[in-house]
Amino acid sequence: MTSRIRFLMCPPDHYDVDYVINPWMEGNIHKSSRDRAVEQWQGLYQILKEHAIVDLVTPQKGWPDLVFTANAGLVLGDNVVLSRFLHKERQGEEPYFKEWFEGNGYTVYELPKDLPFEGAGDALLDREGRWLWAGYGFRSELDSHPYLAKWLDIEVLSLRLIDERFYHLDTCFCPLANGYLLYYPGAFDSYSNRLIEMRVAPEKRIAIAEADAVNFACNTVNVESIVIMNKASDALKQSLTGVGFQVLETPLTEFLKAGGAAKCLTLRVTEPVRDEVHANVYVESRIIRIEGHLLDSGLINRALDMIVDTGGSFQVLNFNLGEQRQSTSAAEVKVSAPSHEVMEEIISLLIDLGAVDLPQDERDAKLEPVIQDGVAPDDFYVSTIYPTEVRINGQWIKVENQRMDGAIAITQTPNGLLAQCKILRDLKAGEQVIVDVLGIRTIRKTESREQRNTQEFSFMSGGVSSERRVELVVEQVAWELRKIRDAGGKVVVTAGPVVIHTGGGEHLSRLIREGYVQALLGGNAIAVHDIEQNMMGTSLGVDMKRGVAVRGGHRHHLKVINTIRRHGSIAKGVESGIIRSGVMYECVRNQIPFVLAGSIRDDGPLPDTQMDLIKAQEEYAKHLEGAEMILMLSSMLHSIGVGNMTPAGVKMVCVDINPAVVTKLSDRGSIESVGVVTDVGLFLSLLTQQLDKLTSPYVSKVG
C-alpha cells in the first residue's frame, strides 16, 4: 500500500437524487436505491483502502450530494481552495468541507461569493505536478482560474466544456501517472483540444469513444499504476493495460443517476508541490462598453452569447437601462478569455457590434510594418463592412475605403495620417498595418427591435400569408428604387444567368431602360444567355416561350459567343443590329456600364468578359463606389464578391430560391440587408408591377 497517498470520502447515509442540476438527474428523482448505493460506495471504499489511506467527512442530512467529495475544494500541498457552488442545492455543503479542511491543518482560500468554482471536479492536477488543468463552461467560471494560479502558485491551463452531459472536467478528463491522459475530445471546444494536443504527446493521449464516456470512464481514480472506474469497454481496458495500468472496475450505477462515479466520490488530499513550478495563467480580462437599444434589439443577448460561444466568460458590471422606449441603454461588461488568441477573436466580434473600451482604458492601435509586398503581419486585424475608426497617437482616425476582409494600412501623407482598408495583394513593404484588437472601434447605427424582426422574408414558407410578406418586401424595394432614381442616386445590380432562365430578363431590361439601374455586375453567363434568348429565343437551349428544350439547343450559346466574338464586342453587336433587345442591349443603348467577371468554367468567353481576376475585382469595386442600393439576383459567387467590397450603410436586397444562399448573402450583420427567398423571375415581375403603381412612364435622356 502507498501510505502517503490519502483520499477524502463521505459515506452515502443521506444520498439520494432530490433535485435536477445536471442532465443525468433528469428522470431519476427519488429513483436511487439507498441500499444499492451503500453497497456500491463500500465497494469503491474497500478497493481504495487497499491502495491508499481514506479519510471520511461526516455525512449531513439535507445535503445528499455531500457524498461527491471531489467538489469539496482543490488541494495542493497544505493549501486548499474551497469550492463555491453554482447551484443553491449544493451551497450548504461549503461550511462542512471548510470545517474538515481547517480541522486537518490546511490553509483555506475562499473565492468571492459570486464566483463559482467547484473544486477538483473542475480542476485536475497533472499527475507529474507540472500544471493544473482547469475546466469552465457549465459550473466553474473562467475568472476563478487566476485565483487558483495565485494561491497555489502553479501554471493553470483553461479548458472549455461544451457538452452539458460532461458538466465537470472530471467527467470527461483524467490525468494519469507517467504523463498519460484519459479524455473524451468531444466534450471540449477546438481551442481546448488543441491545447491538450500541444501539452500531451500523442503517445500519451488516450482518447475514448462516446460509449465509454457516457459510462464515466474518465471519472476514474488513479493511484500510481491502478485505475479504478465504473466500467470500461474491452478496447479501453486493452489500451490502458497496454501502457502499464491495471484496470479495476467497480459498479457505481446508483451514483451515475446523479451524474457522478469513482472520481466524483473521492478527493485526493495529498498533492505534492514541485518547487520549480510557479504561477502562470493565460486568462485575460478586458472591460468593454456597449450602447444602443440593448434589450429590444437583442443586442446585449447577442454580445453575451457571442462571448460564451467563442470560449470566453463575462460579468455585467453596470447596466443603465433607457428610461423611455426611444432611449438607448448602456452596459459595461467584463470579458474574460483563456488566452490572448481567444480574447482577440472575442473582441473582434464585439467590435463589430459597436463595443468600445472605457474612456480611461483607451489605447492606441498596435502597428507592425509590412515586410513583403502583398503580405500582412501574422496578427493583422481583419476589416469588416462597418465604418471603422482607429486610434493613432491619441487621435481617432476614420478608415477609408471600408470593406470586408482587408487589412487596415496606415500611411503618412502631407495632410496627416491616412488609414485605409486594403486587400492583401495591395499592401506595400514599409506600410504600417493594424494588428491585434487595441484602439479599434466601429460606428454603428442604433438598431431597434423592428429592424431586427424584418431582416429576412421567405416565399411560400411556414406562417400565415407568406406570399403577402414577399409582396411587402417588393413594395419596399420598389419605393426605394423610385426614391433613389428620382434623387439621381445609384443602384447596382449583380445578376446571374438564372435571371434569364426564369424569364426575368425582360423585367431587368425594363429596369435598366427606365433608369433604375446605374451599373450591372455579373459573369460571362448572364450576358451569353441574355443574348442567346434575344437572338435565338432560347436560354441554355430551352425555348423561353414554350418551356421545352430545342433540338440542338445546347449549341446555341456557343453560336452566340462566336457571333459576338466575330463582331468584337457586345456594343458592336448592338450597333450592327444583331442584338435588338435584352439586358445587354439596354445597357449599351442607355450607356449603363457593365462588368463581366470571368471564371474557369466560361465558354468562349465573350470579348467583353474580363478574364483577369484582379482587374475584374478592381472594376467591380470602381462601379460599387457611391452605390445606395445593390440588387443581388441569383448569383451567389458574384454577390458574395460584391458583398465583401461593400461597406455598411448600403441597402442590399438578396434574392435566390435557395434559402442557404440568401442567408449567406444577407446575414452580414448589416441592418440594411434584406433576404428574399423566391424565384428571381417572379420577384422581378412583381417589382416592375409595383413600380407601375408608383410612377409614370420614364423617358430615357440617352439615345
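Cβ from N, Cα, C; glycine included.
Per Swiss-Prot, the features are:
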- 10-269: region 'Arginine dihydrolase' (REGION)
- Asn22, Arg90, Arg139, His168, Cys264: L-ornithine binding site (BINDING)
- Asn22, Asp65, Asn71, Arg90, Arg139, Asp170, Ala258: L-arginine binding site (BINDING)
- Asn71: site 'Key determinant for dihydrolase activity' (SITE)
- Cys264: active site, nucleophile (ACT_SITE)
- Asn524, Ala525, Asp603, Ser635, Met636, Leu637, His638, Asp656, Asp679, Val680: NAD(+) binding site (BINDING)
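What Swiss-Prot annotates, mapped onto the structure for a quick look.
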residue	record	Cβ contacts under 8 Å, 6 or more apart
Asn22	L-ornithine binding site	Glu164, Tyr167, Ala258, Gly259
Asp65	L-arginine binding site	Tyr15, Asn71, Glu89, Arg90, Glu93, Ala258
Arg139	L-ornithine binding site	Leu86, Pro116, Glu118, Gly121, Asp122, Tyr167, His168
Asp170	L-arginine binding site	Ala70, Ala120, Gly121, Asp122, Leu124, Cys218, Asn219, Lys263, Cys264
Asp603	NAD(+) binding site	Asn524, Val528, His557, Leu558, Ile561
Met636	NAD(+) binding site	Gly496, Asp656, Asn658, Val661, Lys664, Leu665
Can you tell me how spread out the L-arginine site is, meaning the largest CA to CA distance among Asn22, Asp65, Asn71, Arg90, Arg139, Asp170, Ala258, in Å? 18
Reduce the DSSP letter at Asn71 (L-arginine binding site) to three states and note it down. helix
Where does Arg90 (L-ornithine binding site) sit in DSSP terms: helix, strand, or coil? helix
10 Å Cβ neighbour count around Ala258 (L-arginine binding site)? 25
Residues near the L-ornithine site, Asn22, Arg90, Arg139, His168, Cys264 excluded, by Cβ within 8 Å of the Cβ center? Ile21, Asp65, Phe68, Asn71, Glu118, Gly121, Tyr167, Thr171, Gly259, Gly260
